[in-house]
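A short write-up of the structure that comes next.
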């Protein structure tokens, strides 16, 4: 993570305030997404829940990371659940794409890894969907909460899992 942040600082220092050739400036341009991610990853790492771990397979690509959630309470206590997160180029106007890599029997996660979490919805009827003011920290805390207080049996994505829970906890 530090390599991209230091690269951004180094590139800004080399170019100076708009004094360079415009052609070479465009080849070095850093996307708005990447600038946001440098700040958000630092904030995320400082405020990570104790039940979560973040792994960046490539420290120069902050737009792709893996999250491990190990719940310490509730039905899924002691389990280990892997998520993959990819942040699109249009971030922060659109939410990150998240998929659960661990096969799980959960009312809000399908067996193929799709996730029902309102803040990951681009358009939400109840107003709790994605907004440009949300951050990666919100996404990680939301995914962590799927195993505790956001566990929703009333409006499930995996109907069979929810019905199974109602029949036999």
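Placement of Cβ uses the backbone N, Cα and C atoms for every residue, glycine included.
If you look up TrEMBL, you'll see 11-30 marked as region 'Disordered'.
Confidence across the domain 'UBC core' (32-169), taken as the mean pLDDT and rounded to a whole number, stands at 91. Look at TrEMBL and you will find 32-169 tagged as domain 'UBC core'.
The Cβ of residue 116 (active site, glycyl thioester intermediate) has 108, 109, 152, 155, 156, 157 as same-chain neighbours under 8 Å, each 6 or more residues away in sequence. Sequence annotations record features per position, and here TrEMBL assigns active site, glycyl thioester intermediate to 116.
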Residues in the domain 'UBC core' (32-169) per DSSP class, helix first, strand next, coil last, are 37 helix, 23 strand, 78 coil
